[in-house]
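These features come from Swiss-Prot:
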type: COILED; residues: 78-143; note: coiled coil
type: COMPBIAS; residues: 145-164; note: compositional bias 'Basic and acidic residues'
type: COMPBIAS; residues: 180-190; note: compositional bias 'Gly residues'
type: COMPBIAS; residues: 493-509; note: compositional bias 'Basic and acidic residues'
type: COMPBIAS; residues: 538-547; note: compositional bias 'Low complexity'
type: COMPBIAS; residues: 601-622; note: compositional bias 'Low complexity'
type: MOD_RES; residues: 151; note: phosphoserine
type: MOD_RES; residues: 175; note: phosphoserine
type: MOD_RES; residues: 179; note: phosphoserine
type: MOD_RES; residues: 445; note: phosphoserine
type: MOD_RES; residues: 508; note: phosphoserine
type: MOD_RES; residues: 521; note: phosphoserine
type: MOD_RES; residues: 581; note: phosphoserine
type: MOD_RES; residues: 582; note: phosphoserine
type: MOD_RES; residues: 589; note: phosphoserine
type: MOD_RES; residues: 608; note: phosphoserine
type: MOD_RES; residues: 610; note: phosphoserine
type: MOD_RES; residues: 615; note: phosphoserine
type: REGION; residues: 145-191; note: region 'Disordered'
type: REGION; residues: 476-548; note: region 'Disordered'
type: REGION; residues: 563-622; note: region 'Disordered'
type: REPEAT; residues: 198-231; note: repeat 'TPR 1'
type: REPEAT; residues: 240-273; note: repeat 'TPR 2'
type: REPEAT; residues: 282-315; note: repeat 'TPR 3'
type: REPEAT; residues: 324-357; note: repeat 'TPR 4'
type: REPEAT; residues: 366-399; note: repeat 'TPR 5'
type: REPEAT; residues: 449-482; note: repeat 'TPR 6'
């Protein structure tokens, strides 16, 4: 029999209890084996007649075996209980660490709330003071009205307002909405979700940057980045997100080297923390390719764009709309390198995806067809380009007015009929001959207006002047700006080349995102996954950026300087240019250089013979 173990007086630790239990289990298993060896001869059938006392020995051995089995079971229960207690303790430690993090975050939020409350209090005080000043000014104004000997200078009070009304057009026409293809991609990053506070911070930074207040947006990003690195460390997905936001702000300031450094850092962090095949890595690669494209480094941008395409095909499948956006980006890069065959291949793939997944009426289908037609023009495939242009116009017509029949024809059919019957009539038919198709331009995307002008230029090359005039007249009646004269000029230049040269002019370096993310999305990327969109001329353009606001302010400042100097004819008002919200905005714009074709976004226009038109463009169409 084994010796009895007496408990020690001191308290045993959990590890000591586990070790002691394991030792007891080994001893009990050995003892069980000995008992079974002793019991086996006694219960064997060939034992013959039982010896005296063997029955009692058998009973005692059986009782001992039962006690041993019970002891082994209790020892196993003790081990299982010890393992469970260890797991509970580990979970307890995790919960404590989480509580500490939540306490820190709560403290940070309390500090932010306190600061915001102070700002709100100061704002309320300022509002109250301004309201009091307003009441005082109203009182003084009433006194002046009652004064019969009012000073003549008082009549000049409305001059600044009238001057601004002359300089800025009415705001009846709103700017076109962002492209539907630039959806938010920030939430589509696999297992990583961007925190809500970073989304809020991104929106705040975008607001400041859109107002040109980079002196506020950049320090805000840097402070948030510093706080994130202190709390989460440098190699954290949130840090990569913040780096991406700051890079986009730098990119909008034309600080491309700083933006490239930040994007490379964000790419390294995301590859390390999220894996090399994560959608967020693809979004960062795309943003980096956009940046290289803006700097004219198309060869360096192409492998980045291809890698982003491989990741998205692997994660999302080869027929996802985001894959089509990436294919369009890659096609634009190849187009700027003169790789016409690859451009055609990528646009065809993108068109197939858009038509299959989003339907034939999606704006991206018409936009991609327009870009593919531009590619055909560069290759001299005029018949293929004409077919695509007609498909775009026919689809737009059917969407608005139903299927095509003898009485319901798209505009290009009317144009060709007018061309055929031009010798039979002296005067041009009234515009009502087209039916009511021209109204479709008011509700369709700018791609329709682009197509009208491009097909008109193609007709003009073929000598169909009446048909070309019909389409151009229809496009000019469109109040929404679809394609600026610069783009039309570039299409005409392509047609004049005849042979479809591959040598592209240096295109605009502005390329933007679609999603978004848009948004990085692209908030993240913020993503939005940035998408480059062509205008049918092969140049790279940027959508969803601050370029529209900058161009409007630049032209406003030019007109203001001319107005103040006097004697210089004023440019016709642009319906997409908004009024400045304050004189501070206007003064800031006046101080900026206004040389046409100089620095800023004017450098990102395609170089062509229509440089004067390029300097007057109001936005980057996407």
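Using N, Cα and C of the backbone, Cβ positions are placed for all residues, glycine too.
Helix, strand and coil residue tallies for the repeat 'TPR 5' (366-399), in that order: 32 helix, 0 strand, 2 coil [DSSP]. When the repeat 'TPR 3' (282-315) is classified with DSSP, helix, strand and coil residues number 31 helix, 0 strand, 3 coil.
Counting residues per DSSP class in helix, strand and coil order gives 30 helix, 0 strand, 4 coil for the repeat 'TPR 4' (324-357).
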